[in-house]
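Can you read through this structure? Questions will come right after.
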Amino acid sequence: MSRKYRKKLSRDDIRAVGFDFIEFLDDRETRSTTDRNTLKEIYNEQFRDRDGVRDPNFSSVLFALTRSSRTRVTRSEVFFDKKIRVRQNDQWSRPYRSQQNHATPHLNDAISRPSTTRVSDPSSVPEPENRVIARRRLAKTIMRQGNSEDMSVFFADKYGVRVSSELQIEDGKIHWCVEGAEVHELKLFVENTGQEAILFTCFSALHYLQYFTLDDSQRVRKDNPHRLEPNETYEVILRFKSDQIGVYPATLAFEFKENQDTRPFHIVRFIEAQHRSELTAQLGPTEPFRPKRLDTNQPMKWSIDEGFKPESSSQNFLKFVVPLDNYNCPSYTSALIEVLKGNRSSGKQLQEHQLTLESDLSFNNYMDRFDLLLYLEEDQMRMDIKRYNKKDVSMVRDRDKKLLVLELPGVSENRPSVLRGDHLLLTKSEELQNSNVTKYKGYVHRVELDQVKLGFSKRLLERFIDNMKFSVEFTINRLPLRLQHRAVHMVVQHHLKDVLFPVASRRLNPVSPSALRLFDQKLEKNPEQKTAVCNIVAGTSKPAPYLVFGPPGTGKTVTIVEAIKQVEKNTGGARILACAPSNSAADQLGEKLITSQHVDARNIYRIYASSRNPKEIPKVLENNSNVEGENIIFPCKEDLMPYKIVVCTLVTAGRLVSGGFPVGHFSHIFVDEAGHAVEPEIVISVAGLLNAETGQLVLAGDPKQLGPILRSPFAIKYGLGLSLLERLMTQNELYQKGDTGFDNRYVTKLLQNYRSHPSILKVPNELFYDNELKACADEISSRQYCTWEHLPKRGFPVIFHGVVGKDERESTSPSFFNTSEIDKIMDYLKKLLLTQAKKGIAKISPKDIGIIAPYRKQVEKIRQAIKIHRELKSLSGIEELKVGSVEEFQGQERKVIIVSTVRSSKEHIILDDKFNIGFLKNEKRFNVAVTRAKALLIMVGNPIILRTDEIWGRFMNYCIQERGYTGYDITHLEETDVIAERLLSLNIRQEITVETEESVVQQFLSPPWRHEH
């Protein structure tokens, strides 16, 4: 390689050269030298440029080392940190597995014999050589060749030389499983199977090694090559030692020459040492990952055999006055998707639709744009629900002979959502190949845990035999989609431009501070909460919505409840509709209003959808709701209208529109958790109910937390995932933060956090909330774990436990899991639950602990680990310990939160980034996960991977600075050889991919299907 300047080096690159130089000095036993001029002379004359690539100047290297706090420099002397280790440093993420096997290729195959021309190859000069330079040269030689050659050439045995081991080579890698913290040895065999002797010139790791050492009997080096005779085998021993469960890779290169006059050739081996426990072995992949394409084929013809519907458990006196159309997906939807994918050209109509999607949202395109976005989302929903379709399943008769029982694992968690009155389509397995089949429609009568009881026609029941085989087809419930379509159409009809695209308040003069006396005296001491309540009552923003920006733990729901009570008391003729996206959030509003005793309970009414299970309704709400015994009753409009406060979900608010409630009946509409809903869902509660001239819309939420879960990549791309709350705060001038803060006439940001210990709150506060949040949590509860004996630092209840694991997949599930992280999580659970109530730490219940993981498969594996753990599985209340995704924890809190980040492979981060899944590259998911904890936060993850992300790197550095880091040794993480990053490309295997119509969200996250009606 001719001498040339590198491309512009990063600070990390230059620092890596500095660490190489320190190791070079250590090799020469001159590390104790401190004279600056002497070191500069050694650097320039003995070290610099020795690998054929121009290194940075000495001053640049010193500057990079100084910035990393590893070197102290004066005018005349340089002092290197004594803690900098040499030789055995570096870990990076697990490389891809190669598809190539290491069989010896024929010499006449793709590999040509080395040139016999004598050359001055810098990697083959047979002179005494410093091992740092030797390693750097060897690595760069291989990387240089790798830019132009088939990567499989490096893995292949060649010219009669074979490099093998005691273990089998799988997918181009030696998998080495070890248990225990003692030293483990792996023998590598270098064998000459040819007819001529070969020079074995050197072997080396192509990067710094941590936890590994290499050894051989004759100390083979370039200046001490070993002549490998025909049929001779030479042993190289790789030793590994670590007390940390995890996965540790090593990349080794072996160099050979046919004689002194030929160019060297290389054989590369990847070793993956997996230090595992009994638990990690049990949780490993059940079978290799084989992606599976969804079966989307349908028979040419079919007929529907109508089933037996359940008797209505609801009595409907609320007559339909406003029609609700079907809003079926138009025929062009599939073609539009192909255009958006770039798979086909577009005609005039499709071009217009594409232009609508690519245009900014406005009142003029509001209806058309949201119609298109909802069509795109529905199309993907129809595809994703097929993930749950089943083949060759059997049913049995129920005790009620009119019903058949079908086992559906996952239905209790809404994967998928199946409600009373929904239907499934079943086809006899034996008829699937017929050109014309019968699909039996089975109506859901009851859902009991993971069983559903279905009502079919007499025709099927008469022919049914227990354990008869069927294929099962799931369908989506279109009611929420239909209501959203109608709502965006009604936006135009009811002239809601000033509400959805506000330009100013109609108040000419600002309102003076109100003299309201708040019911909740705690709010009197919180200026932001009081301001929000007063301005909502005064209507300072009308006709624009009033926003309550509520960061985690700041009491936004309490603020909304207080505002509702004050409006009811102080605004004559007020009628209030209080909504939320979920039943749980709506129930919380209702409970707080009824139990406050500041509003006559007879004026509050909670409306449930007919699909709601009466057994799940909170006792405190039963007498103030449309539940009577085991039935849901819809009162007539005349009976509902006198109530001053009506509470329901956003979807159920559409029932009020259908029932003919007059526009303007509700003077105020409140939406809590407004950031969780797509804009058309919010609009269900507004269009047809709110008078734009006189009404007040109030939205409460946090645009810095997760928004609604969507499945269609195009619906996400073109903005359906942007809630109305976030759209106003990011795109409307009225809600922008100025030099003096937000304009309180339109928005109030709550600042006092009543949940978390200050150390837990610090990083998200700085990253997302302009460092304005104030830690106001109760000191006794928030400091409960400050003296816990397992904290790395007393008084700092945040732990970052570094684990270098492996993100794996199994069977046909594309979702990831990491058993090394699970092992460490079980260790922390034992410490929390089995050795508690000691040393001043109060006893904790499993229900006060939450475990968060980004991928569905990790959630499942953690649950499995708890069930098989000898000590944890029988613990009282262990079933109440919640394990779930970030989305499932949003809006919740726990005393202790444990987070598993899963990611340990750099190649998969690209996937996370592209599709906005996982923790990395999704700052909202990070924010929600961190801010759930009240007293103790434990993060378990790969520090090498996480430090590459700006947000995670910030959090990790914070933990290191506060001495809250433990686990994998990162003392020398900055000494990582830059070449190691590039070596990953040598071992990249293109994983088997199958084109599937299933969304990435469904594949990796498998979120529960919403059933909030």
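In case you wondered, yes, glycine gets a Cβ from its N, Cα and C as well.
The following feature annotations were taken from Swiss-Prot:
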- Gly550, Pro551, Pro552, Gly553, Thr554, Gly555, Lys556, Thr557: ATP binding site (BINDING)
- 91-103: compositional bias 'Polar residues' (COMPBIAS)
- 113-123: compositional bias 'Polar residues' (COMPBIAS)
- 91-129: region 'Disordered' (REGION)
- 672-675: motif 'DEAG box' (MOTIF)
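How buried are these features, and what lies next to them?
Non-local contacts of Gly550 (ATP binding site) by the CB criterion (under 8 A, 6+ apart in sequence, same chain) comprise Lys556, Thr557, Thr559, Ala700, Gly701, Asp702, Leu750. The DSSP secondary structure for Gly550 (ATP binding site) is coil.
Along the motif 'DEAG box' (672-675), the predicted structure has mean pLDDT 96.
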Using DSSP, how many residues of the motif 'DEAG box' (672-675) fall into helix, strand and coil, respectively?
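Output for the motif 'DEAG box' (672-675) reads 2 helix, 0 strand, 2 coil.
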Only counting partners 6 or more residues apart, tell me which same-chain residues put their Cβ under 8 Å from the Cβ of Pro552 (ATP binding site).
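Correct list: Asp702, Gln705, Asn753, Arg755, Ser756, Pro764, Asn927, Val928, Thr931, Arg932.
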Can you name the residues of this chain that are 6 or more positions from Gly553 (ATP binding site) yet have a C-beta less than 8 Å from its C-beta?
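Within the chain, Gly553 (ATP binding site) has Cβ neighbours under 8 Å at Asn753, Tyr754, Arg755, Ser756, Ala777, Glu893, Thr931.
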Specify all same-chain residues, apart from the site residues Gly550, Pro551, Pro552, Gly553, Thr554, Gly555, Lys556, Thr557, whose Cβ lies within 8 angstroms of the center of the Cβ atoms of the ATP site, ordered by sequence.
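So the extra residues in range turn out to be Asp702, Leu750, Asn753, Tyr754.
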Counting only other Cβ atoms and using a 10 Å cut-off, which of the binding-site residues Thr554, Thr557 scores lowest?
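Across Thr554, Thr557, these binding-site residues, the one with fewest Cβ atoms within 10 Å is Thr557.
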